[in-house]
Amino acid sequence: MKRNKQINIQHALALAGTFNFLSCCARASLLPFLTLFLRQQGLSPAMTGIIMGTKHLIALLWSPASSLLSKHYDKRRGVIVGSLVCSAVVVVLLLFLPPADVHVNCTTSDLSGGPTGSPTGGGVMKSSAAPSTLPRTKIHTATVPLTHAHEAKPAPALTDETALYDLDKPPLPGENANKSLTAGGVISVAPSTSTKVHIASVSHSARVPANPLTDKPGPVLTDEAALYDLDKPPLSEDVKSAAEPAAVRKRRSDKKMEEENPSQFEFLGSLKVMDAQHQLFFLILIAVSLWEFTAAPLEWTADDGLYDYLDFADASDRYSSTSVWGVVGSAFGVGGAGLLVSQLPCLVAGGFPRSAAFFFLYVFIGFVTVPVAVYLPLYLNKKRDRGGGLLKALQLVHSSPHALLCVTTTFLVGAAGSAVDNFLLWQMQDHGSSEMHMGVSLALALVSQAAYPLLGGRISKRLTPGKVLVVGAASLGVQCFYYSFLWGPWAVFPAQMLSCFSSGALWWAVKVQCEEVATPGSERSVRRVLSSLSLNLGIGLGSFAGGFVVQRFGLTWLFRGVALCVMLWCACLPLLQFKAPRQCRINYSRLLAANGSDASDSESESDWLEKAMEENRFKNNSGRRVH
């Protein structure tokens, strides 16, 4: 006879809490600072918004699909472990993409350093270009020997495409003897017996000075051509005869391949003409999409497996206690990451900038979470199929006017929250905040959100869930309006205290609304429709719109516009809630729990059931009279 395995609920809850703490800590150590990293890479606000919006839309579609597939094939544990490992590996690819800017500063408070150039000892001249004008190229150094000091003249500028040859050739004649062509213009080099010329990059075309004997303008030389004197003797006939057949063969083969695959060559041609910033944008977009594709299945798959396990042990009522550890882990991760990175030098191991420490923390915590995921309590309930749970939840939400108002509110809150998530750190950085200020402020907002249950009992006695929803959305509008008036590194801290209402109170009201709408067994599906699908859709579309608003009007007007839209909705929401009919459902599980002590008395049992049904009939009739 097979012996049943004993279930330890306390052990299962401890493992689930540890897993939520570590996984949320890993995400919070990187995700809030991701847009800051994209800004340091040289991407525009519109590009940043497109990348973040694509990331959230992938999570919106792939999270439920991967959860259903992992349950159908009974591969939940493999999906969880694979998501942790693969996401940690893929995210490192972002560190190997070179930034689009030439000038990369160490400090986070100043990203827009202009052109610099100053002579140094030993006859060395360094030049750099502004980020908005030149793509980043590898710096090459060429040593140009000069003649005697009294007749020293600078040698021509050498690019990374130019062959270093004929260094003893006489310098340029006449008034051009003291000039050399660079990307930014002219650089004078002091006389010396041996001079090093540092050139970051060259422009795509440069005109050779006019010939003083003929007064004719010189030809235009591209960056693929060597910048040398035009009076240099041409190649010999033997060299020409040997080179021409090879060039002809190459042109014929290229033409033949282009005729065979015209679409492929059109795409490659478009990539060649694209500037460095757009090339970097597409590479980061592909890398972030792949990263989200590997990371999105983690939350839903682990959540479903744990709930089925507790439901099998008749302890599903204790499932919500594990979510608190996720908020605590997020606060610990974002605050610790900000404090740690702010103490690092400009460059860390391998020559990476110190912002790469956010990625290293994500990878490290992700691999630490793997052993916990291996022993995470999971259970597959084959008898109960929730494949159509989301569709049923959508039908329930669609049939309730108050639930539709709640969905609209969460959508707008997600769109407004995307402006805070994506560009608040940009606004803080422009006012002198470092990673320490950013991490501590975000951690304070999470701690304030987690503290709402301490005040929820008193607030629920004075305000209905509908009014609490309005107060939460209005608090978010006040926060966004305050963010547009920041004046210093620590100025954001008072507004973060309002997260107790803008996040904690708002999601408490959403949870109550879910309980009123849901039928027995569909509570989690309805909550996911309101708090996950609607929220992610709002964040995704809000990221797209927010990026273009910042590109056109700036950060200040983004936060003011978001605050105005949210406050207008808060002014209309109470009126819509008053006009909407309320359809109450009897929550039999709640009634049974409240009257469990009187379950043996058949008379009292029938009394409360009849009373509940009569109240429900009265409320439905009064709702119809309103219309």
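Placed from the backbone N, Cα and C atoms, the Cβ positions cover glycine too.
From a predicted model like this one, the values you see are computed outputs, not experimental measurements.
As annotated by TrEMBL, compositional bias 'Gly residues' applies to 114-124. Positions annotated as domain 'Major facilitator superfamily associated' by TrEMBL: 20-560. Among the features that TrEMBL reports, region 'Disordered' is placed at 110-137, 234-259. According to TrEMBL, the transmembrane segment annotation covers 12-34, 77-97, 280-302, 323-344, 356-380, 401-424, 436-455, 491-510, 530-551, 557-576.
At the 8 Å Cβ cutoff, the transmembrane segment (12-34) and the transmembrane segment (356-380) share at least 3 close pairs (sequence separation 6 or more) and count as touching. For the domain 'Major facilitator superfamily associated' (20-560), the mean pLDDT of the prediction comes to 76. Same-chain neighbours of the transmembrane segment (491-510): 406, 409-410, 413, 424, 428, 431, 433, 437, 440-442, 444-446, 448-453, 455-456, 459, 465-466, 468-469, 471-473, 475-476, 478-479, 482-483, 527, 530-531, counting only residues six or more beyond its ends whose CB sits under 8 Å from a CB of the stretch. Sequence-distant contacts of the transmembrane segment (530-551), counting only residues of its own chain at least 6 positions beyond either end whose CB sits under 8 Å from a CB of the stretch, comprise 44-50, 52-57, 59-60, 63-64, 390, 397, 403, 406-407, 410-419, 421-423, 426, 507, 510-511, 513-514, 557-558, 561-562.
Contact between the transmembrane segment (356-380) and the transmembrane segment (77-97) is present: at least three CB pairs lie under 8 Å, with pairs separated by 6 or more positions in sequence. The stretch from 77-97, 280-302, 323-344, 401-424 that makes the most Cβ contacts under 8 Å with the transmembrane segment (436-455) is 323-344. Sequence-distant contacts of the transmembrane segment (77-97) (same chain, at least 6 residues past either end, Cβ-Cβ under 8 Å): 23, 30, 37, 41, 66, 70, 280, 283-284, 287-288, 290-291, 294-298, 301-302, 305, 352, 356, 359, 362-363, 366-367, 369-370, 373-374, 376, 378. Beyond its flanks by at least six residues, the transmembrane segment (280-302) meets 19, 23, 38, 41-43, 47, 50-51, 54-55, 58-59, 62-64, 66-67, 70-71, 76, 79-80, 82-84, 86-87, 90-91, 93-94, 97-100, 274, 373, 376, 378 of its own chain at Cβ-Cβ distances under 8 Å.
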